[in-house]
């Protein structure tokens with residue numbers, strides 16, 4: 001019984017290494033759990049950073065889309081303005097071509113009118129020259145110094161000459177009327193012709209009056225005088241008609257001149273507008289080229305940024321997939337280790353309980369051995385039966401010690417295996 005405290009001290013010393021190893025395993029497990037928690041927090045921080053980068057890239061793409069839409073709208077506006085300016089330019093070119101054609105037509109008409117006016121002027125000059133020639137011949141036949149009256153035959157000859165001259169003048173006037181009706185005659189030619197014709201008529205009338213005053217016409221017939229007056233009236237009417245037609249022709253010529261001036265002004269204005277439109281077209285072409293250049297630069301920049309974004313996204317996706325796989329592996333490993341730890345803890349608890357039971361049995365056997373030894377010492381004489389019992393008890397103690405050593409050895413092996421697995 002005196003050996004009881006020593007056995008309890010040995011058992012407490014045996015319990016201390018197990019508690020220390022369990023504490024070591026717990027601290028190591030807590031350190032690994034803290035490491036895993038830190039890795040999880042780092043993975044979450046990386047995921048949050050990836051989300052921020054994705055949002056930033058989405059904002060950048062939205063800004064690029066807005067810029068592209070603005071540039072596209074400006075390009076469409078420039079194209080519409082270019083189309084409008086092209087249509088205006090085409091209309092202006094058409095107007096210019098029509099004005100050029102009208103100008104050419106007017107020039108041809110002016111040339112024709114100039115030629116016709118030259119013809120009319122020549123005819124008028126010829127007519128005026130013949131009239132003057134006939135008057136000079138008549139004056140040469142008349143002697144102003146003679147105060148004697150002419151004979152009836154001479155007066156009749158003069159009347160017949162005047163009638164012939166009137167007929168020729170009427171025929172020439174009809175030819176002139178045809179030319180005047182065919183084309184327009186300028187005002188200065190008409191006035192010249194009228195002044196010459198009136199002067200010639202006035203001179204002829206004055207000469208006739210002088211000849212009539214100088215000649216005694218008392219013996220002439222009144223019928224010849226009436227016919228001469230009627231011819232004069234007819235000539236005056238024709239001259240008035242010609243004058244009216246010439247006035248109308250001058251008016252039409254003036255109107256055509258005004259139209260020509262207005263067309264020239266319109267042509268100049270259209271040329272100025274055409275030059276302005278050409279300048280605007282050049283400016284639009286330059287702006288279009290600049291816009292196309294900027295668009296190409298923006299496209300290149302956009303493609304580069306998109307390629308960078310795609311590369312970053314692929315890297316982030318691969319990193320995220322790797323992190324996810326690693327996290328899944330770590331979770332599976334953690335669950336497996338937790339299951340193994342739980343199994344090892346169960347084995348440990350069973351071994352501890354078995355150890356405690358064996359220690360209790362060992363204590364009991366030692367107590368019995370002590371009792372038997374005390375009994376034998378009291379008896380003082382060993383018997384065969386007692387020896388055999390003692391030997392049996394010693395053998396049992398040895399067997400129980402072997403079992404205990406085997407259990408300790410297996411327990412140490414399990415501790416080593418558990419320590420290796422936890423590390």
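Glycine too: its Cβ is placed from the backbone N, Cα and C atoms.
Copied over from TrEMBL, here are the features:
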COILED    31-123  coiled coil
COMPBIAS  1-11  compositional bias 'Polar residues'
COMPBIAS  371-380  compositional bias 'Basic and acidic residues'
COMPBIAS  382-395  compositional bias 'Polar residues'
COMPBIAS  397-409  compositional bias 'Basic and acidic residues'
REGION    1-26  region 'Disordered'
REGION    371-423  region 'Disordered'
**Message:** As a quick check of your reading of DSSP, tell me how many residues in the compositional bias 'Basic and acidic residues' (397-409) are helical, how many are strand and how many are coil.
**Reply:** 13 helix, 0 strand, 0 coil
**Complete:** What DSSP reports for the compositional bias 'Basic and acidic residues' (371-380) is 9 helix, 0 strand, 1 coil
**Prompt:** Taking all residues of the coiled coil (31-123) together, what is their mean pLDDT?
**Reply:** 85
